[in-house]
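The structure appears below as structure tokens.
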């Protein structure tokens, strides 16, 4: 139950209005500050020629220590939907393009009633959650699963082709979504470039930013800055006063002798010769 709450909270923080709203960028790893919530990455390619097959997407995620997306429940499905909605905000230029997820069928093509039960998650998850579009899966030679993202397509029998699942041929070219274990976030963002190594793809790449909890820490650190400055000023003032007093005690007048000489004369009349 607590995991479901975290997922719903993540969706609210991600797309809610206000200072905590974070922008989802294609190729950017999105993590959450609770360190219990998985990290995700939406890899979207504008050019159709740059999109990848199921196996290429799987290897891309695994090369970064993750896996193609597995979905545990409806709450996590809603979180991914909110990320995709955030990713495709007006003005981003992102349009139609389905996303590979980690569900696939390892077996010969068939259309029997047992076919839907043969699908499994590539990361080994035992989740039985499914979100098939109407009349899916169609099985046959279509063994790998995508999450629909076709906002400009006319609705079908199951409504708009948005976020439901569809089985497709594994060699088809699509975008993809990766999922990562919770991690300790580095102290500063680090950018690296991942090349798809796709045949004929010479310069296309996805920029991956290791996003962290830094944006969240800012809201904690900024309010404490005045207090820190006050402590720093007080500490500096004390040090200055102690140093000034120390110099005053050690300084002597140039006309003052360090020897004490009595000014009274001694009587010598009583001295014996």
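Counting starts with 1 at the first residue shown.
Glycine too: its Cβ is placed from the backbone N, Cα and C atoms.
On a predicted model such as this, the values are computed, not experimentally measured, just so you know.
Residues or ranges marked as signal peptide by TrEMBL: 1-21.
Look at TrEMBL and you will find 35-179 tagged as domain 'C-type lectin'. Averaged across the domain 'C-type lectin' (35-179), the predicted model reaches a pLDDT of 92.
The transmembrane segment annotation in TrEMBL covers 217-243.
Residues or ranges marked as region 'Disordered' in TrEMBL: 248-273.
The compositional bias 'Polar residues' annotation in TrEMBL covers 251-263.
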The domain 'C-type lectin' (35-179) - residue tally per DSSP class, helix then strand then coil: 31 helix, 40 strand, 74 coil
